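The next block holds one structure in the form of structure tokens; read it before the comments.
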Amino acid sequence: MKTAVFGRDSGEPGSPCGAPPSLTFTPPATLVPPTHHHSRSTNRGGVSGTGGGGSGGLQGAPGAGGPRASHSSRRTSRLHNNVSALGVLSLGADVLPEYKLQPTRIHHCTIVHYSPFKAVWDWIILLLVIYTAVFTPYVAAFLLRELQDTAKKSRFTEPLEIVDLIVDIMFIVDIIINFRTTYVNENDEACQVVSDPGKIATHYFKGWFIIDMVAAVPFDLLLVSTNSDETTTLIGLLKTARLLRLVRVARKLDRYSEYGAAVLLLLMATFALIAHWLACIWYAIGSAELSHKEYTWLHQLSKQLAQPYTSTNGTIPTGGPTLKSRYVTSLYFTLSTITSIGFGNVSATTDSEKIFTIIMMILGSLMYASVFGNVSAIIQRLYSGTARYHTEMSRLREFIRFHQIPNPLRQRLEEYFQHAWSYTNGIDMNLVLKGFPDCLQADICLHLNRNLLSGCAAFAGSTPGCLRALSMRFRTTHSPPGDTLVHRGDILTGLYFIARGSVEILNDDNTVMGILGKDDIFGENPLLYDEVGKSSCNVRALTYCDLHKILRDDLLDVLDMYPEFAETFCKNLTITYNLRDDAQSLRKKFDRHKLLRMSSSMNKDRYTTPPDGDHGNAAVRRSAESVSRCDSNPIDRRQSAGSRSSSRCSPPHAALTATRSEATPLLRRSTNHHEEDDALFDDIRAFARGNTVTMSPTVAGNSVSPTTAIHNDGIHSQQLSDRSDDYEERRANMFGRRLESIESQMERMQNKFNSDMETLIKLVKEQSIIRNNGSSNEEPNARYRPNNYISSAIRLPNGGGGGVVDEMRVSRLSSHEPPTPTQETDTIL
């Protein structure tokens with residue numbers, strides 16, 4: 001058997017999902033909150049007017065143009081184009097979301113807070129703050145005394161002094177820039193950008209001005225004339241005020257807390273920075289007690305390194321360990337203390353050192369728990385996907401073990417779970433979108449199904465609203481190789497669109513009927529059938545497949561909401577393989593023919609009943625009532641039963657006079673049998689109700705007389721009522737004769753069938769004997785071949801969509817000679 005391959009490229013002409021050249025995909029409109037003056041929407045390509053959906057650019061109202069408006073439009077457009085690129089780099093916490101961006105009237109010499117210049121400037125200030133956080137405590141504890149001694153000789157000769165001066169200047173400039181930088185008014189519902197200089201100054205004074213001003217004061221320049229030790233210590237303490245800027249930096253860096261690696265890096269940097277500060281304080285305590293105490297930790301270090309301090313006449317000791325050794329030892333002691341290790345080779349000896357060590361232990365325990373607890377949480381979050389995968393897999397295996405799932409089903413379950421997890425990473429899209437509004441869900445679904453809706457010709461010409469409604473009802477399914485998507489006999493509840501992979505269509509004996517690939521469609525067209533059909537084939541995945549499925553009811557609901565699109569959809573939809581089982585329509589047609597055959601036999605009995613035409617008419621009417629009840633619902637059947645019991649008291653009041661020849665076999669009727677059947681059913685129902693019946697002349701094969709009118713006759717009805725008892729008796733006799741006739745006919749058919757089967761078995765045995773003997777003379781035995789005797793044909797129409805058995809004939813078998821072409825055949829209903 002040849003295999004039909006229906007897969008084709010999406011760009012091939014005639015492909016069911018090949019989009020025509022005129023099909024364009026319309027993206028969803030961008031959300032814009034209402035404002036007092038203008039209402040514009042921003043797309044990724046530029047700033048466009050409201051009603052537009054244009055190609056970018058700012059579209060203003062007529063009369064509002066001019067060079068000034070054009071310059072403002074170009075400036076706003078340039079700024080907006082850089083917002084997406086600088087959104088991650090910007091440190092401002094008040095960066096507007098892109099869909100809320102509004103073109104504002106920028107004051108002269110005012111800096112927009114989301115401009116590229118402001119983003120770069122914030123990063124420069126961040127680096128200077130980090131430099132200040134590291135070197136300010138170090139200089140105040142280790143180098144301030146040496147720098148003061150050098151300053152007595154000459155100013156600004158040391159590199160650190162020059163760098164500190166530059167940092168002070170940059171902080172002062174940052175204050176000036178903050179007075180000219182816009183901000184977002186969070187108290188306003190519209191979240192407008194404020195560019196008025198007065199409002200900006202008021203907002204800055206209420207915010208970070210005091211902290212920035214204290215951090216920018218050059219205290220070492222203000223106290224340069226004093227040379228006492230107390231002044232030097234005061235300068236060191238005041239210079240640490242620059243660390244207040246870290247609060248502002250920490251607030252801005254909070255926007256990166258969603259990135260696990262960034263948070264891990266920030267936590268480790270924070271831990272190291274605090275240890276650095278504690279090391280500077282630890283050295284400052286030992287250095288302050290060095291002149292009047294001889295058993296500080298610095299003295300112990302000098303003895304261990306054999307580098308003692310020297311002092312004359314109570315002055316500050318000189319010499320001792322190098323600066324590098326002092327800093328490394330201080331940092332070593334603080335880290336061993338806050339991590340609760342404490343080797344003991346460096347220990348506190350004085351009371352001040354012991355008090356600070358106690359404070360450092362308490363602080364270290366809290367910091368250790370918080371920092372490393374967060375580190376554990378971050379690492380666990382990094383591997384949360386793997387943990388969830390193993391958890392779900394364990395649950396699946398427990399389910400298989402508890403319910404004793406057989407191995408084939410177990411393998412299919414595990415393969416599907418692994419494939420679905422690798423495709424979705426364990427994320428349930430329905431659960432994610434559940435908490436969002438319908439409009440946003442529609443936009444997301446439209447984005448996820450954009451390739452299907454824009455590439456399939458069936459959706460060409462649909463409105464954006466119709467596409468949004470369709471995208472909300474599509475469901476994506478994933479299938480591993482070998483998984484059966486549809487079984488034979490399943491209800492066809494949906495329409496399938498193949499997005500990736502290939503499937504095969506199989507019949508009952510696993511014969512491949514077709515192979516479908518990307519952009520193919522299978523199922524049934526719900527617009528062509530009133531009732532849900534059943535699948536006539538099995539559909540099995542050949543490779544890993546991704547399919548878009550829409551339920552029949554959901555599709556019909558959308559087409560009901562958009563009736564103008566229904567005709568276009570039905571016209572453009574090309575189903576690659578129709579799975580509908582046409583045997584359903586065949587059975588319905590057979591039931592209809594059986595009813596018509598009953599009516600045909602009833603008409604025959606009506607004209608051949610000899611005793612009394614009135615009683616024959618009554619029998620016809622009673623039989624017509626039973627035929628009318630065959631296609632009614634249970635309620636109508638109960639009502640008909642009630643009317644039948646009441647009609648026994650009053651015989652029919654109508655007479656039917658018509659002539660007709662013997663009925664022609666039903667399966668030999670002409671091509672116009674549908675119109676004849678409908679007319680016959682209408683006549684039967686009308687006659688059962690006692691109304692006037694008009695019988696139309698039939699087509700070839702029947703000899704019913706032309707139009708015959710039936711009128712009620714009061715006199716004749718009175719005569720019939722007088723003979724009601726005789727009518728009941730004749731009616732019982734008529735049905736008894738009918739039953740005997742049917743039984744005898746069935747017995748003849750059974751005998752004939754048995755005889756034919758015996759003859760067929762005999763011929764098959766003779767054929768096998770001849771074949772075993774190896775006889776080469778075939779002409780004498782040709783008459784005994786079963787293929788020559790059996791002439792059975794089931795002819796189906798050549799049209800698509802299955803069909804109905806038009807004629808079924810079984811030739812009469814003979815035990816002696818095959819039938820001739822002119823021999824009469826029996827028709828079996």
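Just so it is clear, glycine is given a Cβ too, placed from its N, Cα and C backbone atoms.
Feature annotation from Swiss-Prot across Asn313, Asn773 places N-linked glycosylation site at Asn313.
Membrane sidedness, as given by the topological domains in Swiss-Prot, is identical for Thr202 and Tyr256. Listed as Cβ neighbours of the topological domain 'Extracellular' (349-354) (distance under 8 Å, sequence separation of 6 or more from its ends, same chain) are residues 282, 285-286, 288-289, 293, 295-297, 300. Long-range Cβ contacts of the topological domain 'Extracellular' (283-327) within its own chain (Cβ-Cβ under 8 Å, at least 6 residues beyond either end) map to 138, 140-143, 145, 333, 346-350, 352-353, 356.
Counting residues 6+ beyond its ends, the topological domain 'Cytoplasmic' (256-261) has Cβ neighbours under 8 Å at 378, 381-382 in the same chain.
Mean pLDDT for the topological domain 'Cytoplasmic' (256-261) in the predicted structure: 72.
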